[in-house]
Amino acid sequence: MPSNKSVSDAPIVQFTNCRILRDHQLQREDLWVREGKILNPEKLFFDEKGSADVQLDCKDSIIAPGFIDVQINGGFGVDFSLATDDFKSGIDLVSQKILSHGVTSFCPTLVTSPPSVYHQVLPQISVRNGGAHGAGILGAHLEGPFISKEKKGAHPEHCLRTFEAGAFQDLLATYGSLDCVQIVTLAPEMRRSSEVIQELTKRGICVSLGHSVANLSQAEEAVQHGATFITHLFNAMLPFHHRDPGIVGLLTSDKIPAGRRVFYGMISDGIHTNPAALRIAHRAHPKGLVLVTDAIAGMGLAPGRHTLGQQVVEIDGLNTYIAGTKTLSGSVATMDTCVRHFQEATGCSVETALEAASLHPAQLLGIEHKKGTLDYDSDADFLMLNDSLYVQATYIAGEEVWRQDASGM
């Protein structure tokens with residue numbers, strides 16, 4: 001059939017011999033791509049009388065949406081919470097390297113830092129599309145400094161702040177700008193946090209609850225004011241208690257506004273959360289689970305001493321601690337490892353494991369119409385994986401940006 005050139009001159013690529021994750025199921029269909037978007041083949045055949053210019057045999061691979069990491073502090077020696085002269089080259093390096101983990105979009109995350117760091121670093125982060133240069137940047141995730149001293153985790157106490165008389169103005173003064181900010185993690189029990197949550201939500205910024213001693217009613221109130229996310233569930237919050245389950249109780253709360261879903265991040269690295277806790281959370285609220293790496297500068301590097309913002313951390317195997325303590329400080333897990341561990345620990349379906357790293361983070365950020373799915377007209381950001389969920393190739397906007405070579409690298 002001749003191509004109908006009136007619609008577009010761009011080549012049409014047909015990915016064949018694959019199983020596509022669509023509508024929550026792996027379906028044996030072909031994937032059609034043109035100009036960086038996923039095509040509806042029926043429209044192509046019947047409306048345009050078009051056909052494929054290129055056919056690619058996927059050799060029975062799984063094709064799934066690209067992974068989206070909404071909490072990553074750095075990697076490969078780069079720490080997003082350090083103000084350096086070559087910050088841009090650092091973020092470029094990380095965005096390039098995580099393509100091999102199947103990550104096609106991410107939110108560079110800054111831990112609690114002095115205002116001077118935010119003022120220097122945030123203007124250097126810009127939202128951008130992914131491509132051969134690396135994964136796309138969706139905006140920054142600012143984790144702190146408006147968090148609880150009791151649950152500070154690896155965050156430096158001397159940099160923690162509270163909301164004073166100005167509340168939202170205090171936050172603006174601390175960060176300097178919210179232009180490229182996508183997520184803010186704060187402790188909802190803080191005085192005046194409600195008005196801050198409302199102001200951030202009004203600006204389209206996702207508010208996440210974390211590093212907090214909030215009880216359940218404080219957490220529910222925060223959700224009623226617009227909060228939609230929980231930062232690394234179970235870590236840096238009050239443990240579940242049957243009389244007051246704290247933030248964890250949001251997973252089964254009956255006080256969530258109608259039509260709203262609360263999402264929660266989990267570091268599925270086998271270190272931060274016992275597999276039984278992972279199973280409890282997943283069974284209680286499967287549609288809210290978002291896999292995050294919480295990866296630090298030491299990800300991809302040998303064990304030893306590295307940084308996390310203002311702190312020195314030590315990597316010992318898969319464990320990362322603040323130097324000289326047993327306080328966990330981020331992870332060195334990669335996103336594809338987290339997906340495999342999650343599937344193994346919970347016994348969930350392959351589809352469920354893949355959606356926890358793609359569809360759910362996209363829904364959290366309100367971008368599911370273009371990312372996190374393989375629906376028609378969405379961005380052609382996708383992965384080829386084998387049945388054991390190892391990434392074989394990564395595509396952004398329909399272009400191959402990474403492929404495992406024959407030597408397994």
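Yeah, the Cβs are placed from backbone N, Cα and C, and that goes for glycine too.
Caution: TrEMBL annotation is automatic and unverified by curators.
Copied over from TrEMBL, here are the features:
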type	residues	note
ACT_SITE	ASP294	active site, proton donor/acceptor
BINDING	GLU143, HIS211, HIS232	Zn(2+) binding site
BINDING	ALA154, ASN235, ALA236, ARG243, HIS272, LEU328, SER329, GLY330	substrate binding site
DOMAIN	62-401	domain 'Amidohydrolase-related'
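Geometry remark: ARG243 (substrate binding site) versus HIS211 (Zn(2+) binding site), CA distance 21 Å.
Residues belonging to the domain 'Amidohydrolase-related' (62-401) score a mean pLDDT of 96 in the model. For ASP294 (active site, proton donor/acceptor), applying a Cβ distance below 8 Å and a minimum sequence separation of six or more within one chain yields GLN71, ILE72, ASN73, THR109, HIS232, GLY265, ILE267, HIS272, GLY330, SER331, ALA333. Per-site Cβ counts within 10 Å over the binding-site residues HIS211, HIS232, ARG243, HIS272 peak at HIS211. Its Cβ placed at the centre, GLY330 (substrate binding site) has 32 other Cβ atoms within 10 Å. Using a 10 Å radius centred on the Cβ of ASN235 (substrate binding site) and all shown protein chains, the other Cβ atoms total 17. Counting other Cβ atoms within 10 Å of each Cβ, the lowest count among the binding-site residues ALA154, ALA236, LEU328 belongs to LEU328. The Cβ of GLU143 (Zn(2+) binding site) has GLN71, THR109, LEU110, VAL111, THR112, HIS155, THR185, SER208, GLY210, HIS211, THR231 as same-chain neighbours under 8 Å, each 6 or more residues away in sequence. Proximity of SER329 (substrate binding site) to non-local residues of its own chain (separation of 6 or more, Cβ distance below 8 Å) is seen for GLY153, ALA154, ILE296, LEU308, GLN311, VAL313, THR320, TYR321, ILE322, given in sequence order. Counted over all residue pairs in ALA154, ASN235, ALA236, ARG243, HIS272, LEU328, SER329, GLY330, the record's binders of substrate, the longest Cα to Cα distance measures 30 angstrom. Listed in chain order, the residues near the Zn(2+) site other than GLU143, HIS211, HIS232 are GLN71, GLY144, ILE147, GLY153, HIS155, THR185, SER208, GLY210, THR231, ASN235, ALA236, each with its Cβ within 8 Å of the site Cβ centroid.
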